[in-house]
Amino acid sequence: LGVSRGLPCAQGPLSPPSSPPTVTSEQIEHLHRRFKQLSRDQLTIRKENFDSIPDLEFNPIRGKIVHAFFDKRNLRQESDGLADEINFEDFLTIMSYFRPIEMNMDEEQLDRFRKEKLKFLFHMYDSDHDGKITLQEYRNVVEELLSGNPHLEKESVRSIADGAMMEAASICVGQMGPDQVYEGITFEDFLKMWQGIDIETKMHVRFLNMETIAHCY
Amino acid sequence: GERSSGSPINSSHSQSFAIVSFKWEHVKDPYVITLWILVASLAKIVFHLSHKVTRVVPESALLIVLGLLLGGIVWAADHIASFTLTPDLFFFYLLPPIVLDAGYFMPNRLFFGNLGSILLYAVIGTVWNAATTGLSLYGVYQTGIMGKLNTGLLEFLLFGSLIAAVDPVAVLAVFEEVHVNEVLFIIVFGESLLNDAVTVVLYNVFESFVTIGPENVTGIECVKGIVSFFVVSVGGTLVGIFFAFLLSLVSRFTKHVRIIEPGFVFIISYLSYLTAEMLSLSAILAITFCGICCQKYVKANISEQSSTTVRYTMKMMASGAETIIFMFLGISAVDPNIWTWNTAFILLTLVFISVYRVIGVVLQTWILNHYRMVQLEIIDQVVMSYGGLRGAVAFALVVLLDGHKVGEKNLFVSTTIIVVFFTVIFQGLTIKPLVQWLKVKKTEHREPKLNEKLHGRAFDHILSAIEDISGQIGHNYLRDKWSNFDRKFLSKVLMRRSAQKSRDQILNVFHELNLKDAISYVAEGERRGSLAFIRSPSTDNMVNVDFSTPRPSTVESSVSYLLREKAGPVCLDMQALEQRRKSIRDTEDTVAHHTLQQYLYKPRQEHKHLYSRHEIMHSEDEKQDKEIFHRTMRKRLESFKSTKLGINHSKKLNKIHKRDRGQKRRNSNVIPNGKIPSENPVQDFTLKEKDLEFSESEENNDYETFHLGKGVDFLANVTKQNFTDTPTGIDNPVFSTDDDQSVYMKFSPWLSSEDTVVPSQRARVSIPYSPNNFRRLTPFRLSNKSIDSFQLADGPEDRPRSFLPESTHM
């Protein structure tokens, strides 16, 4: 992989070429260590490897998150579908979706940055890869999201998803005619829904104090 | 005994017995206090008469000026400064409500998210301010500019420590009007709250040093001071957390004493303040953390009404206390006895506190920005420096000084007053233009969106998962662990069982949205001047006395006929909505009422004649909220689906019909629904009677309300029993197309049903058919169908068949 201690690959060959390099060598080193830990010193990670992370177990949308790591759309491969295994570069690509915002980004970069993050999210919701979040898909997500609350009845959960969907429809389409059909949230609609909410400051993880590594198993 | 006013004085001057006597001395103190409060409150009214003034000048500044004026008047009349802001008054009665309010409504997530920065500013920043100000003043004093003062280094440090702390009251008063972005606000405000421990310790340490004399200060004493800082701050926090736990626990069991429920919140948190004070710990920290920690559980536990009461009472007390503080600050300044002028000292103090504040903020921010995710930019730093307002805490502390030990107490007091006035009035006045000029990011108030909440929740999980996967312990990791712990243990202990279920932020937003829908729906109807549009002769718009029971149908025409003569004023009283409508069109009103009944579940009823100290009568159901959700939601979904799926085929209806039946049977306990055929004349009759009784009770009869419950129960029993062996049916093929299409288009779909009901002429005319009349809540398509049909409808096979509206009865 070419990433190991001391090898200076700081200037981010691993982050997508379009975006500025933000993952530093230190962080890459850390992530690589972590990668090896997860893959048990293999070159690739398979889905099962994620089972060894104990804290992930309680995450209600764990399946969707792990899935996202193997989603080829997120890995910037032209093809669609699911990868069986990912290598370290893929791993880093996924991680790079969670880079924090940079001070020196200009408007255009920010916009692209934002879109990338949203795309990741969108793919997570759009589980059948048809470019639309349908009601059923949305319901599934909401159901998983709220599965942490054992008291919430299924019916409530469903109504919430329905309500959210209607809200989305009203945002994106506005008044619908009686015979109009809203099939699902497209990515454009998705962007519309996020207008005004600065996702940049929300969807990021600090890859800094990497020394505090939580141990697997 | 007697009233001292009102009747002319016809008392004899005999010594034996005075019918009327004037007892000013007797009531003087409470009377004067009440008058002051009244004056302050009236002043607030006056201020807000002119928007121009309050937009430019912060209220706190106005109040100080008012206090100065009033103090001047009193002084001119009396020549004594009768009322001043005494430390006791301030610390025991005025400060706690403000801090409690701050803690109880603290945006916890924001607060803990920025806790690191807040702590740094609060601890290091305050120590820095105190030390530099004190030392610099001492240094300048050594040069001799200030002339001869009866003080030493320790006194200067003591003064520095009391003037160093940013004041929560002043900061809150000014920043609330400025609306800077929430991160900036929480940092400045959090700092002002948490620096109390530092202030208290520094103040106590230096005061005791002054007392024992500089020659006796040893290293050990200093170490003791540092230790005492940890004890005071951690101790205060722990006291707060303990009382928060206690309060949450108590609020779990107050179901039967609803009236005093809000009282517990105030009493127990005040106890935390007093306890911390008694143990000489940081009282502000105690009550702050009491509020912060208990808010989640208390809000979940207490009833909606109590929650409103708590909210309003707390805001009222806090805002009242704030008003009094600033006014009294003004009044206290009018007292020639405390004024000692020393230009150099006063000016230099002003300069030093401002300059060192700026330096401190810049240095600390520079350090922080290495660790912060969202950087604090230069503009933020300017606002933070400028927002370092000093206030009543400093004043109370300086007044508390012992004049015998601190030689220049009066100078300190004068300087403090000047500093407070300067920061509150001058900086308060200029901060708004400054913020505008610098284009500081401001908060925008947005309506809560369901999608936003959902995505927010998803974010939390994603981020913590990414942290898990990348193997690090960050904010998200900790938050995730905490919320797990909270859900598994704390909530189980501290929350009512019912609250555990319904308490979910997403659910809350959902609830709010639904309420808004319902309200706007009614408002829209009223705007049109008539509520006839929601009238429908179909079964579902009938009185739904209790939604948990199934209803027989097919009586509507007769019922509405009867109701026509019996309708009365409708009163709908919900928190945000108070509407009263009297109309000549009785029928419409009645129907409207029933619809409200249905959609808003149970409007509170009027209580006219009954008085009870211990109870406010309302028959509230815990499930109410949730049921409203489901009901409105299903309505919304229906129309949504209708737009989505378009047209269905009635031919298939029967099939589904049968399929559904089985399902419904199974679910009948949960979601009883379906129409009951008209072969039950007896029941129909009962129903009519009950309906009548119900509508009457609304009108004037408190008595009736009591009996309503029984009637409903009875009804429920009968219908339930009946229900189990009646086949349920779809009587409203709303979207069935073929032949009936035209009819449906002409009249609202919900008007047409398979059974015998024929819409009245009036209804035909007045009901708009379009489902998109309202933004969110499309008009009701009511019919009897369980939601199960939706599940079916969503199935992959034979999708088009069904959009089947479901039952309105749960």
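Cβ atoms are placed via backbone N, Cα and C, with glycine included.
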| Matching range for TrEMBL feature annotation, transmembrane segment, among B:94-117, B:118-141 | B:118-141
| Can you say which of B:268-289, B:378-399 is given as transmembrane segment in TrEMBL? | B:378-399
| field | For the transmembrane segment (B:226-250), sequence-distant contacts whose Cβ falls under 8 Å of one of its Cβ atoms, 6 or more beyond its ends | value | 197-198, 200-201, 204-205, 264-265, 268-269, 271-272, 275-276, 279-294, 297-298, 301, 493-495
| Which one of these stretches, B:61-77, B:118-141, B:182-206, has the most C-beta pairs shorter than 8 Å to the transmembrane segment (B:378-399)? | B:182-206
| Any chance the transmembrane segment (B:319-339) and the transmembrane segment (B:411-431) have 3 or more Cβ pairs under 8 A, given the pairs are 6 or more apart in sequence? | yes
| Honestly, do the transmembrane segment (B:118-141) and the transmembrane segment (B:182-206) touch, with at least three Cβ pairs under 8 Å and pairs 6 or more apart in sequence? | yes
| request: Quick one: find which recorded stretch in B:182-206, B:345-366, B:411-431 has the most Cβ pairs under 8 Å with the transmembrane segment (B:61-77). | output: B:411-431
| field | For the transmembrane segment (B:345-366), distant same-chain residues with Cβ under 8 A (at least six beyond the ends) | value | 120-121, 124-125, 128-129, 132-133, 136-137, 140-141, 145-146, 149, 163-164, 376, 380-381, 384-385, 388, 390, 411, 414-415, 418-419, 422
